[in-house]
Amino acid sequence: MFRGKMSSLFETDKQGGASSSSLEKPGAVLEIDESSGLSDFEYGVNVATSVHSVRLGFLRKVYGILSVQLLLTVIISTLFMVIQPLQNFVLHAPWFTMLAIFSSFGFLIGLFCVKDRYPLNMQLLFGFTLCESISVGTICAAYAKAGLGFIVIEALFITLLVFSGLTLYCFVSKKDFSFLGGFLYAALMSLVVGSLFMLVFSGFGGKVSPLLGFAFSVIGSLVFCGYILFDTSMIIKHFSPDQYIEAAIALYLDLINLFFFF
């Protein structure tokens, strides 16, 4: 039902706050970024300690990329829902959806390996987003086929509303929610185990109670609301200015998973 936090591949640089490219180099008094004219001192170790223009540029990149990702996902999902031949194809060709799911992992791993190589990193990011959009679109198509397309629309608006509210709260309150990391990871693993258990139980003819399913959805929603707070806090306080792609992926996956649970 949910993909989990595939962005954890990038988390090795988060706690340190900066990648090796943004740290001072021995013997260098002042280094200038030729593309922007900014020095290492202006960049700072992370976004929080950088100058205002760097912080603003970083946030523009992150939320700009995220907006394009969401737009692509909405477009593909809408096409899968309203174009009948396309809807029939994705619902009767499970291999296509599975290919998209496994390909998204491949694109993400490739992106991790070349995350600082432009434009290859952007091309891999597009491939990852496209594959994720196909898997999301397939689920939306199944709801539309069952005459429940309105649920998809409701879930989309609720997800965007919750995401906007939590993001605004994180920026306004300036609280650091990075302490939630361990708890959220444990909760996520519990959700994974629980979903596998219900899948196996259903596969052997068992029937999952509606109450249990509802409780599972509520818990999942709360977990990914927590991840939105956690990742937003990490982005504005602990990421380095060159980690905008990792930041966008983290928020994108939070949104997609929250949408699934709604």
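Glycine is no exception: its Cβ is also placed from the backbone N, Cα and C atoms.
Positions annotated as region 'Disordered' by TrEMBL: 1-25.
What TrEMBL records for 62-83 (among others) is transmembrane segment. Same-chain residues lying 6 or more positions outside the transmembrane segment (62-83) and placing a CB less than 8 Å from one of its CB atoms are 90, 125, 129-130, 132-134, 136-138, 140-141, 143-144, 149, 152, 156, 235, 244-245, 247-248, 251-252, 255-256.
Under the heading transmembrane segment, TrEMBL lists 89-112 (among others).
Residues or ranges marked as transmembrane segment by TrEMBL: 124-144 (among others). Here the transmembrane segment (124-144) has long-range neighbours at 3, 65, 68-69, 72-73, 75-82, 86-87, 90-91, 96-97, 100-101, 103-104, 107-108, 110-111, 114, 151-152, 245, 248-249, 252, 256, 259-260, meaning same-chain residues at least 6 beyond its ends whose C-beta is under 8 angstroms from one of its own.
When Cβ-Cβ distances below 8 Å are used as the criterion, the transmembrane segment (150-171) is approached by residues 74, 77, 81, 140, 143-144, 177, 225, 228-229, 232-233, 236, 254-255, 258-259, 262 of the same chain, each at least six residues removed from its ends. Feature annotation from TrEMBL assigns transmembrane segment to 150-171 (among others).
Annotation source TrEMBL lists transmembrane segment at 183-205 (among others).
Taken from TrEMBL, the feature transmembrane segment covers 211-230 (among others).
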